[in-house]
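As written in TrEMBL, here are the features:
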type     : residues  : note
TRANSMEM : B:27-48   : transmembrane segment
DOMAIN   : B:50-567  : domain 'Cytochrome oxidase subunit I profile'
TRANSMEM : B:69-90   : transmembrane segment
TRANSMEM : B:110-134 : transmembrane segment
TRANSMEM : B:154-173 : transmembrane segment
TRANSMEM : B:197-218 : transmembrane segment
TRANSMEM : B:283-306 : transmembrane segment
TRANSMEM : B:318-340 : transmembrane segment
TRANSMEM : B:352-376 : transmembrane segment
TRANSMEM : B:431-453 : transmembrane segment
TRANSMEM : B:465-487 : transmembrane segment
TRANSMEM : B:499-526 : transmembrane segment
TRANSMEM : B:602-635 : transmembrane segment
Amino acid sequence: MSNTGAAHAASHDHGHHDKTGTVIFGFWIFLMSDLIAFSLMIANYADAEWHGIANGPSPHELFSLGLPTIETMALLISTFTFGICTLGMKYGASMKRTVGWLVLTLALGAIFLGIELYEFHEFWTEGNTPQVSGFLTAYYSLVGLHGLHVTSGIIWGILLMVQMKTFGMNDLIKSRLVRLGLFWHMLDIVWIALFTKVYLMGVL
Amino acid sequence: MSILGSLDWNDIFIVPFFTEPSLSTGIAAGAGGVVVLGALAVMVLLTVKGWWKPLWSNWITTLDHKKIGVIYIVLALIMLIRGVLEAVVMRAQQVSPAPGFLSVEHHAELFSTHGTIMIFFVAMPFLTGVINVVMPLQIGARDMEFPFMNAVSLWLSIGGAALVMASLVVGHFETGGWTAYPPYTGIKLSPNEGVDYWIWSLGLTSVGSTLSGINFLVTIYKQRAPGMKLFDMSIFAWATLCTAILMIFAMMPLTVASLMLALDRQAGFHFFTATQGGNMMNFANMFWLFGHPEVYILILPAFGVFSEVIPTFSGKKIYGYTSLVWATIAIAVLSFTVWVHHFFTMGQTANLNAIFGIATMTIGVPTGVKVFNWMLTMWRGKLRFSTAMLFSTGFIFTFVIGGITGVMLANPTIDFATHNSLFLVAHFHNMLIPGLLFGMFAAVNFWFPLCFGFRLDEKWGRRSFWLWMIGFYGAFMPLYAIGLMGAPRRMAFFTEPAYFPWLVIAMLGALCVLAGLIAQVIQIWVSVKNRESLMVPAGDPWDGRGIEWSLGCPVPEYDFTTIPAMTSREPWVDAKEAGKRIMDPTEFVDIHLPKPTGMPFLVGLVATLFAFAMIFQMWLIAAVGFVAMWVLVLIRSYDTDWEETITAEELREGYEAHKRLVETTPQIRLDDEFTTKNRGLIMETQV
Ligand code: HEM
Ligand SMILES: [Cu+2]
């Protein structure tokens, strides 16, 4: 889902006015509809965290703050490095530097993802699978949906680097990079909401 | 598990008829047979006539917004035929002696497919198609902002419709109504693939609709002719803008809810299973967070159509433009605040119900404003009752009745008595048939020449209108009555003798609607046959007002030779009043149009295979399909040569040719509008 808008939108800029601006505008709108999905999942989680415990653990029993905090730091820093990447591009940094910052960003994203998967694995082996309760279902789905987004962001980034090689830094590639950036920053903002709702408030 | 997942012989449409022969399984087998034979017949026809190639190069690969619109409308009409036939079978079922000739299951499948089809595969493609054809022409754009994505949306919708058709041939559709509430649709109570058909066919179209919404919105924001302010746009374009916003925000809750249901069913999750901490009410809330805005997605474009048709055939400009726009915006905003009225009876507090009841009634206000706008537009106008105008006036009259019953239902205390009754069924058909179908029929009759260059036959058009109008009253007024007498909806049969006479009237009404539909098919047939005498090459056959009528009919691929100068809200009317028969050109420049490509079709095809595999749990095939879909998108992202150029010179020639045509077309009187004298561009100055 996540890069549908991007890939299509990119694939046919045409005609008149400021096409890059238009495609980015379209992508913004797409992100807003994506945000609706996250909001619904959060609302669902907020319900399940109270009423959906069934015979499973409560958030309080399940979560600790250690790993999620490291995870969060990784993602926050990656947003910063992506910012440097796109800013640099804007002010004419070399391709090598742009790619370098992008690689760093994606690597941080991968660390984030790794920690998340590790945690899923831990919970899972303790027998706390999504099939146990409404709460666990909601937890895995909400955090997992975000994780899927990060995964597709990483794949998108890698494919984009390949395209940078073939096409060079033309307007199209720049516009795609900016869109990936928007996507990435949105995931960061969503994560802050998730971290607060799921882990911070869960542990309290 | 085999690679073919849960698919087995019993899923093939004729097998149940042989294992358990009955009228019910016979009808099912017959319906499947019609689909298969219909598909075969089309293929034979295409082969015999040698039409495969033109079909591929002119239609399937097109990125032209007008053609994409036409394909959407054709899809809607095909599905409408199925939907109406199903309705007639349901009506026949309820008048035959209990328990009727259909099994209870089969009847449930019928109202589920009927509802699902009418909403998602008739209404949605219909309005999306009309918007595609008309909106860019009204704002002076050459295409949608994202033509490739536009075609992808189209093929995703067709894929969804194809799956619903496939459910007649392979396996079954679900039996839980178009709303598919769990727990009934959970894996325990609905173990077969029916619910999965619902989930994945809706999944495809709702992604398509979200993308369409984005496309419409960006097109309106970014592609308006220079000088056209938002408050210079036609009302139809305004309706499109509001619809687009609703699509962007409202489709997602449906997608989320249905994917959650899929996870519950296939992965043992507990979103909605009450015993393990799930909460079914979350489904109801999400479904109607989509569902209520959805009804305004359905109705706003039709409102837009009426706001174009009524001024044209009244010979006056629309009354109260600004109030109409604000009413449209108000409806769009309010539509997100009323969803709870779909489940007043589900146990929330009386205060909450009161709030949502009041919010619901509030929507009546802007809607009422619109009705007065239309009536005051007609007031003292010189009315000409074309088919489009008949549908519009029929709408106003009928829709008001539906509105009144809606305000009744908005009152929670009344709703407690009428919830899930046929009174409700009468109410929403009373909104949707005039407020959606009549609007779309008016649109087709009105704008048809833009796409094909000739008018539709008026005689058969008028007949179809009267049949639909009378049929509607016959089919649904009785349901108000028996609904109040206590008849619940979704019943396979009734044993209460007092209902019987009403059900017979409803049956006759449904037949009358069917006759109306047949009249429409005849109308198209007759018009195509007589197209020579119905041609309006000079354009503007009804003394229209929007800038789309400043173009010749059919409209050339590039739409405008030069982008029109927007000097006022209705520059075409100004030009005609100044005695001109063609708008002055602005600047001729080279333009780029997207090249045709088969890629959107392939994306749709692969997505449909993916969805089909998900329905029958063929996980391997599904995975391959999913990856293939993205590979196609990736391949497309390498394609940088997607445009072809039309030179300023060609455009100038197009303009000159149109000018010559216009100058040699004789002027006729407005009274001759519906005769063969009308070759376009009637020039009677109006008051
Ligand atoms: C053309 C004439 C039509 C007839 C004769 C007709 C008839 C019916 C009947 C008999 C039912 C089942 C009522 C029950 O629950 O007992 C029904 C349900 C329904 N119809 Fe129609 N219908 C027509 C057109 C439409 C249109 C145009 C739409 C929407 C655009 C529509 C949407 C629905 C929906 C959503 C349901 C509810 C299905 C459910 O219970 O889940 N119908 N209709
Ligand atoms: Cu509603």
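Keep in mind that glycine also has a Cβ here, set from the backbone N, Cα and C atoms.
Under 8 Å from some Cβ of the transmembrane segment (B:69-90) lie the Cβ atoms of residues 27, 59, 102, 107, 110-111, 113-114, 117-118, 121-123, 125-126, 128-134, 154, 157-158, 161, 164-165, 437, 440, 444, 451, 475, 510-511, 513-514, 517, all in the same chain and six or more residues away from its ends. If you average pLDDT over the domain 'Cytochrome oxidase subunit I profile' (B:50-567) in this model, you get 95. Among the listed stretches B:27-48, B:110-134, B:352-376, B:465-487, B:602-635, the one sharing the most Cβ pairs under 8 Å with the transmembrane segment (B:154-173) is B:602-635. Listed by sequence, the residues of this chain that lie at least six past the ends of the transmembrane segment (B:27-48) yet keep a Cβ under 8 A from its Cβ atoms are 13-14, 16-17, 55, 89, 101-102, 106, 165, 168-169. Scored by C-beta pairs under 8 angstroms, the transmembrane segment (B:465-487) has its highest count with B:431-453, from the stretches B:318-340, B:431-453, B:602-635.
Tertiary neighbourhood of the transmembrane segment (B:197-218): same-chain residues 112, 116, 120-121, 124, 128, 131, 135, 144-146, 149-150, 152-157, 159-161, 163-164, 166-167, 171-174, 176, 180, 185, 240-241, 243-248, 251-252, 254-255, 258-259, 261-262, 607-608, 611-612, 614-615, selected by CB-CB distance under 8 Å and a gap of 6+ residues from either end.
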